[in-house]
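> I'd like to ask some things about the structure below.
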Amino acid sequence: MEKRKIFKSVLAVFFLVYSLNGVAQNLDVRNRIQSSYELKDVADLKIKYKSNKDFRFKSKLPHDSVDLMEVDSLGVALYYKSYNQVSARVSNVIDESGNNVMGFSGKGMIVGLWDSKLPRLDHLDLKGSIRVTDDSDWLSYSNHATHVAGTIVSRGGVNPKGRGLVYQSTIWANDWTNDFEEMVDLASKGILVSNHSYGVDPKNIPVTYFGAYLSSSQRLDAIASRFLFYQPVVAAGNDREQFGKYNPTKEGMDLLLGMTTAKNAIVVAAVEGDDIDNLKMSSFSNWGPTDDLRIKPDIATRGVRVFSTLDENTTDYGFLSGTSMAAPVVSSVITIWQEAAIAFSGKPLWSSSMRALMVHSALSINQVNEPDYKTGWGLINNKEGLEILRSSVDEDGVRLIETDIKQGEKHKYKLKASGDSFEVKVTLSWTDPEGKVKFGSLDDVTPDLVNDLDLRLIDVKGNIYYPWMLKRQDGRIIAVQGDNTVDNLEQITVVNAIDLNELVLEVSYKSKIYRGVQSYSLLVSGIDDFEEVIDDENTIKKEGITVWPNPTQDFLVLSGIDVNTPFELEVLTVLGKRVKSINSYFQNDNIILDVNELSEGLYVVRIRSVLVFKDVVFIKKS
């Protein structure tokens, strides 16, 4: 098995290198990112997503424009609209003295920005910090884009209270007319993060589209999966106060549209409050989940009465509310984390590592330590994320791994809980290939996931710990721990881990891996020791299990399993889809599976425990 790439170095050395050279996201870093990408992917995607400029038009509204972006295969017109309706302190970007935590303020970094129009380029606190990278009209600017840009890069000279979170960074700005084509272009040039505070207007949209995996979801995932360092950040939308107009039977749930149902986007909800201890859900922020019950939105931050630059004149500032105002906070935090990664190691991290870090460091809202369909994993926490990054460099209770799992592999790691650890936390994240577009059926629960990786923790007693997932129960959607078959981010938390001492961490996959390989990021905290276990006969028992009769008509007998050790058992189709309602029972230390109701064909029985991981193909006869 290929040796894992562990994010590590000597922290003091990299702080010195960074302070002397200030590399950040310079041309050399961008060139190295660019050289890791396939040129054919760039060319193919640009052609595929090239828009017809004559087809798209702007309606004549008094404020920000609404644009027709697409008429889909069902003849539905899809319009874009912007999502209008202190952030630095709530997200832990600045400390009590008003300085950026650890001194990271975006120096040398680049943030992509797409919006209805450009920001006001001659605003005194934005001038010189924005580069227009498409053919947008430089004189066509908007209040919305100016406010979003100010949250990111305002220098705060006119009004220090409006200083941007990464005020030393540069924005590469575009209007949204050709967003996907331009995202391909800028991602291929080494851009690491982009902000999208807009989305599909819900007016006149069929109810089947809410929560569905649409063409814009697919496009975003296709781009992200080909450019592994590139992270798009998308506002969740602001239509919950009018859910009765758009999706009236869901009580405010199931309002996500377009890019907000993409697997690889960071989708941002808006909360209200002046400090971390006084936060509540905003009245407007759209709720998920997706139709296949993925945890969306992903994260939340303040989006109510955010103070930033406006476009009335060159010194204008003011307040706006909306998930549009929350998204650039998250884009700024991702930028800071990448700035720190480059400072620590001379190179950026994959976008999957950014999402893992975001979820791993998130603060729970209202003391609920589990994900939900309202605010995702909680409040983004810049300071905690930076501390986790720094600890991963020192290998001080934290490990961050970026690696690939190939067809036929299963990755195992041994952990030892830290002597003072209250919990061991493990987060697995991967950038999944694009799925199939779905919008014709109401609440189609078919997973949009292409490569279904699995995360498990197993203790010395054989107990298996599962990741969080959403589940429908008694008319509600709740978080439970189980086999997550829909999310491309999984997290397991084991409390009171000090009593468990050693744990085995396992990363595997269901069925087959598309294209034969899947990159993933793994973040582990609360540990003293961490080592990879080479997958051989000394570490995993592969033989000694017998499955018979094969072929079979009505039952399967599984012999050789230690029935005193906790284990998982599942029956899959050869395409990896789990078969439900298979009854099993014990008889003379054997496990009997009732397969009488299965249709004729090939199936896989999967056995998994602390000692065993085995797939056996069997034939069901009629």
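Placed from the backbone N, Cα and C atoms, the Cβ positions cover glycine too.
Residues or ranges marked as domain 'Peptidase S8/S53' in TrEMBL: 106-378. As annotated by TrEMBL, active site, charge relay system applies to ASP115, HIS144, SER324. According to TrEMBL, the domain 'Secretion system C-terminal sorting' annotation covers 547-609.
Mind mapping these onto the model and telling me what they sit next to?
The domain 'Peptidase S8/S53' (106-378) scores a mean pLDDT of 93 in the predicted structure.
Listed in sequence order, the residues of the same chain lying 6 or more apart from ASP115 (active site, charge relay system) and placing their CB within less than 8 Å of its CB are SER82, SER142, HIS144, ALA145, VAL148, ALA173, ASP175, TRP176, SER197, TYR198.
A sphere of 10 angstroms centred on the C-beta of HIS144 (active site, charge relay system) encloses 27 other C-beta atoms. Mapped onto three states, the DSSP output places HIS144 (active site, charge relay system) in helix.
All chains included, 31 other C-beta atoms sit within 10 angstroms of the C-beta of SER324 (active site, charge relay system).
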> Any idea what DSSP makes of ASP115 (active site, charge relay system), helix, strand or coil?
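Looking at the DSSP assignment, ASP115 (active site, charge relay system) belongs to a strand.
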